[in-house]
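Report on the following structure.
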Amino acid sequence: MWWDERVSARFRRNLQPTLTYWSVFFSFGLCIAFLGPTLLDLRCQTQSSLSQITWVFFSQQFCLLLGSCLGGVFKRTLAQSLLALFASSLAISLVFAIIPLCHNVLLLAVVMAVAGLAMGCIDTISNMQLVKIYQKDSAVFLQALHFFVGFGALLSPLIADPFLSDTNCILANGTANASSNLPHIRKSLVPHQPGNLSHYDLPMKGLVVTRVSYAFWIMALINLPVPIAVFFLLYKERMVPCFNGSSHPLLPADELALETRPGDKDELSSAAHRGHTAAGHGDLFSCCQSRNFQGASFTYFAVHITGALVLFMTDGILGEYSGFVYSYAVEEPLAVVHKVAGYLPSLFWAFITLGRLISIPVSYRMKPATMVFINVVGVLITFLLLLIFSSSVVFLFVGTASLGLFLSSTFPSMLAYTEDILQYKGCATTVLVTGAGIGEMVLQLLVGSIIHDRGSYSFLVCGMIFGCLAFSFYALLVFFHRMYPKPS
């Protein structure tokens, strides 16, 4: 194997929990990407206006952010964490099954809000669990974790595509005129951002002929093994409530000592002791309690803030690029035909998934700090070249693939790097997940309003600015890393 025997032994010892957390993140990816391509069919199903149906995006993203903040509440014992993951992954299957029954847009928004809360809990808890299990060896396992979210995000649109309506899915007067707009509108709907659809007038009343319900029921069945896997892990650990099993600590020191080299025992034993006295890896609200700040240095806060700001920018770039690259491509001067431009978001997500797969072995040989540096510099250079060759359609496709590769491993690498700096004592996982979620939501809205006012070229200019800011915040993080006190 391409890693050493110590890491291999730890992986074998934690094989079932690790595979379970990876599968739960597949649920996250499956749920995050289906809304864009199915949005028009859902609009037909709910017989709502396009401006009304786009609020479903906001409800999901806002509650995803809220769930990320609250996910750390379940961190104190392994039983709490696994029960939360079981409830969240089961909720996603139920959401997929219930969506075809939602014939009111408000009800659909509530259901998607529940999905967002479940996704937020999965995001925080899964990252936190792997960091706690593998600690300094966590980088490679975090890369694999984020590969599964990319795989799920790539799979769900493929499942939905055969069931999407080729013509307008509400039959009424004027259907012929509305139908001609449908392929163009559908291609502008991508996983993260619906775009500007207010000028399309589709009928509000009539016979609904969509078949998208089958896609959601298929996704519900595909996702069903995930909560079953979490339940089996609960059963194995004797944590199913009906067994009245005791809640075990997340990282028992005696178990970890068996998995590590003799030189690590004292460090892990003291870390386990500190876990009872310090509030590390808590939810965002417990992290902000004043008692956690006592004796903390300035660099302690600076590392948290700069790490979160790097992910605020890079995850924001991921969201706004996937959301607006189609709109940029079909406008002048590129004027790419709609069918060809529709491949750009798919290409972007495909290379994100490929990049996360490649990063699994690379992260074992390369330090997280080096990987983050390569990522932010690569993003910056890619946007610079996209600006220089802004009139080239070929380079737009090349740049989209390149950007997907460089963005793919930024989050897990940054999480591993920041946790290494803080020696796994701070609230880095919660703060970084929250910062990334806020960035993805805020920068999409910001870029959308700028493109509306300044034109499509500002799309690349915004990406260049965000890339420069990400690099600047990374440089500050490295500076504070050098100032941060080393462990005694």
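Backbone N, Cα and C define each Cβ position, glycine as well.
All annotation found in TrEMBL is predicted automatically rather than curated by experts.
Keep in mind that what you see is a predicted model, and the values were worked out from it rather than measured.
What TrEMBL lists as transmembrane segment is 21-40 (among others). Away from its own ends, the transmembrane segment (21-40) comes close to residues 53-54, 56-57, 60, 85, 88-89, 92-93, 95-96, 112, 115, 118-119, 122-123, 126, 129-130, 144-146, 148-157, 159-161, 164-165, 169, 182, 185-186, 189-194, 212, 215-216, 219, 222-223, 225-226, 229-230, 345, 349 of its chain (Cβ-Cβ under 8 Å, at least six residues beyond either end).
Taken from TrEMBL, the feature transmembrane segment covers 52-74 (among others).
Positions annotated as transmembrane segment by TrEMBL: 81-99 (among others).
Nonlocal intrachain contacts for the transmembrane segment (105-126), taken as residues 6+ away from its ends with a CB within less than 8 angstroms of a stretch CB, comprise 21, 24-25, 27-28, 31-32, 35, 42, 46, 48, 52-53, 55-56, 59-72, 74-75, 81, 84-85, 87-89, 91-92, 95, 98-99, 145, 283, 429-430, 433, 437. Summarising the annotation, TrEMBL assigns transmembrane segment to 105-126 (among others).
According to TrEMBL, the feature transmembrane segment maps to 138-159 (among others). If you look at the transmembrane segment (138-159), the same-chain residues 6 or more away from its ends with a CB under 8 A from one of its CBs are 3, 7, 11, 18, 21-23, 25-34, 36-37, 126-127, 130-131, 191, 215, 218-219, 222, 346, 349-350, 352-353, 356-357, 359-364, 368, 371, 408-409, 411-413, 415-416, 419.
Here TrEMBL flags 214-235 (among others) as transmembrane segment. Here the transmembrane segment (214-235) has long-range neighbours at 16-17, 19-20, 23-24, 26-27, 30, 34, 38, 79, 82-83, 85-86, 89-90, 92-94, 96-97, 99-100, 155-156, 159-160, 162-164, meaning same-chain residues at least 6 beyond its ends whose C-beta is under 8 angstroms from one of its own.
Through the fold, the transmembrane segment (298-318) approaches residues 192, 352, 372, 375-376, 379, 403, 407, 410-411, 414, 417-418, 421-422, 426-428, 431-432, 434-440, 442-444, 463, 466-467, 469-470, 473-474, 476-477, 480-481, 483-485 of its own chain, all at least 6 residues removed from its boundaries and within a Cβ separation under 8 Å. Taken from TrEMBL, the feature transmembrane segment covers 298-318 (among others).
Marked as transmembrane segment by TrEMBL: 340-358 (among others). Away from its own ends, the transmembrane segment (340-358) comes close to residues 33, 36, 143-144, 146-147, 150-151, 153-154, 157, 187, 190-191, 318, 321-322, 325-326, 329-330, 396-397, 400-409, 412 of its chain (Cβ-Cβ under 8 Å, at least six residues beyond either end).
What TrEMBL lists as transmembrane segment is 370-389 (among others).
As annotated by TrEMBL, transmembrane segment applies to 429-451 (among others).
If you look up TrEMBL, you'll see 457-480 (among others) marked as transmembrane segment. Remote same-chain partners of the transmembrane segment (457-480), defined as residues 6 or more beyond its termini with a Cβ less than 8 Å from a stretch Cβ, comprise 299, 302-303, 306-307, 309-310, 313-314, 316-317, 320-321, 324-325, 327-328, 369, 372-373, 376-377, 379-380, 383-384, 386-387, 390, 417-418, 443, 446-447, 450-451.
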Remote residues contacting the transmembrane segment (81-99) - C-beta distance under 8 A, at least 6 residues beyond either end: 20-21, 24, 27, 30-31, 42, 71, 74-75, 108, 111-112, 114-115, 117-119, 121-122, 125-126, 128-129, 213, 216-217, 219-220, 223-224, 226-227, 230-231, 233-234, 237, 239, 250
